[in-house]
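For reference, the structure is listed below as structure tokens.
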């Protein structure tokens, strides 16, 4: 069993999913966002370098427009993302300001991190912001992202985006907050006897088999996308934790070594 004390992690990427930001009734969960901002501000005050990868643009757009179901058409999704992203950043800036924490926005597309020159520029931007103790709030630039045969600009989901960012900035730790307590041996929403897997050192068929399923009606990511992201972290020798984001201050407990969620690391 790996030592769970993660206090040595200096550079941390936190990914929060739509389900942690939007209530089941479609309303924005301001209480959770406030707790998240309080927690991440506290980490910066402890001399941690923190990057927040935040989903939720489409979900906030849905709430803003009074809609309850994510549309299937790409133009509608991108229009909602345009509405929701600006509102989401306004909420983040207001909440972080309550704790005297400065923030910034970085909207990425896949090709930005594919081409060496643009990749170097954006990673330099991350490093400068972290040096200034500013928290970058990262999302995919959903309004322009496409996924075509000859031109891919979409990451597909923010679980993978968070892993790409963690890799690019050489983070020590990735924390993915979701609507589930961690990785289970089978879907806990369907099976009452499902057991939490507390530690994973290799992504094999057994793990990928346990990770079947899709995301919430407001988001895109399911467990399979999270496992893909965790596989990258393990292969790069980085640590990652998958935990429930219902109470974002759980991050403090994770760093202090409490047995929460699933820890992914190289053996």
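Backbone N, Cα and C define each Cβ position, glycine as well.
Remember, predicted model here, so these are calculated numbers, not experimental data.
For 15, 178, 179, 220, 221, 222, 223, 224, 225, 226, the entry in Swiss-Prot reads ATP binding site, with the evidence type sequence analysis.
For the recorded site, residue 158 (substrate binding site), the DSSP three-state label reads helix. The substrate binding site annotation in Swiss-Prot covers 55, 142, 158.
Fewest Cβ neighbours within 10 Å among the binding-site residues 55, 158, 225: that distinction goes to 225.
Among the binding-site residues listed here, namely 55, 142, 158, 158 has its C-alpha nearest to that of residue 225 (ATP binding site).
When secondary structure is read from DSSP and collapsed to three states, residue 223 (ATP binding site) falls in the helix class. If you check the binding-site residues 55, 142, 158 against residue 15 (ATP binding site), the ones with a Cα inside 10 Å of its Cα are 55, 158. Comparing local CB density within 10 A for the binding-site residues 142, 179, the maximum falls on 142. Secondary structure at residue 179 (ATP binding site), taken from DSSP and collapsed to helix, strand or coil, is coil.
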